[in-house]
Amino acid sequence: MVLASNHSNIEIKSDIPLINSMESYSLDKNMSNSIISTNLNDFSNWARLSSLWPLLYGTSCCFIEFASLIGSRFDFDRYGLVPRSSPRQADLIITAGTVTMKMAPSLVRLYEQMPEPKYVIAMGACTITGGMFSTDSYSTVRGIDKLIPVDVYLPGCPPKPEAIIDAIIKLRKKVAQETYRDRTKNKRENRFFTSNHQFKFVPSIHTGQYISDQSSIPLLDLPLERTISEMRFDNKFFMNEEELLPKGRK
């Protein structure tokens with residue numbers, strides 16, 4: 001790689017003929033500070049440091065803190081973060097908020113649609129451990145690391161925008177130290193979609209026999225004429241005036 005400022009100071013000899021509009025000149029001592037020697041792995045990591053495009057994924061109040069990064073006060077564009085709405089164009093997903101059992105398959109589907117290499121930041125206590133819903137909630141996932149691999153954990157309820165920037169900087173350091181084998185390694189191994197919730201199933205009291213079978217009518221101890229004359233409307237029963245009168249006064 002040759003810097004443009006140093007390349008402009010190189011004197012080109014006019015007596016050397018040009019071949020295909022390009023000149024080949026030998027390297028001298030003046031160009032020793034103009035060349036950066038590196039390998040393909042480090043060059044790829046350097047290029048990806050400023051192109052981490054996050055996927056907009058917010059399910060709770062933590063996303064309000066993440067949205068404040070877009071403003072001019074914090075300005076996360078200086079780190080090369082461009083919010084994307086499609087998982088196929090994103091390199092990073094920041095899970096901000098509570099993840100429920102119903103939302104878990106959608107989160108896994110979004111993660112699988114992201115191209116490799118991809119990264120995950122778990123933002124907030126509800127995302128990491130379930131937060132205040134982890135004790136008595138039957139529908140909250142106790143940590144998204146049961147669903148997808150997490151690279152950076154960001155605790156807080158909710159975390160400050162400065163903490164989000166610090167997590168992004170730590171992720172950039174991790175990206176800079178990666179190798180090709182680390183990027184191509186399957187991160188989905190030993191991952192499972194399960195839960196420790198214990199559901200107790202009880203038999204239903206609604207058998208449906210009152211609709212399909214007439215054998216349930218004698219159990220009500222009601223006359224057949226009274227059952228036929230009843231009209232059900234909005235879970236209320238309406239009867240004739242004769243049935244409301246006491247016996248012997250009809």
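Every residue, even glycine, has its Cβ placed from backbone N, Cα and C.
Packing around CYS61 ([4Fe-4S] cluster binding site) is summarised by its Cβ count: 14 other Cβ atoms lie within 10 angstroms of its Cβ, all protein chains included. For CYS61, CYS62, CYS126, CYS157, the entry in Swiss-Prot reads [4Fe-4S] cluster binding site.
DSSP gives CYS157 ([4Fe-4S] cluster binding site) a coil state; it is part of no helix or strand.
Of all the binding-site residues given, namely CYS62, CYS126, CYS157, the one with the smallest number of surrounding CB atoms inside 10 A is CYS157. When secondary structure is read from DSSP and collapsed to three states, CYS61 ([4Fe-4S] cluster binding site) falls in the coil class. Listed in sequence order, the residues SER60, ALA96, GLY97, THR98, MET123, GLY124, ALA125, THR127, GLY131, GLY156, PRO158 complete the 8 Å Cβ shell around the [4Fe-4S] cluster site centroid, once CYS61, CYS62, CYS126, CYS157 themselves are left out.
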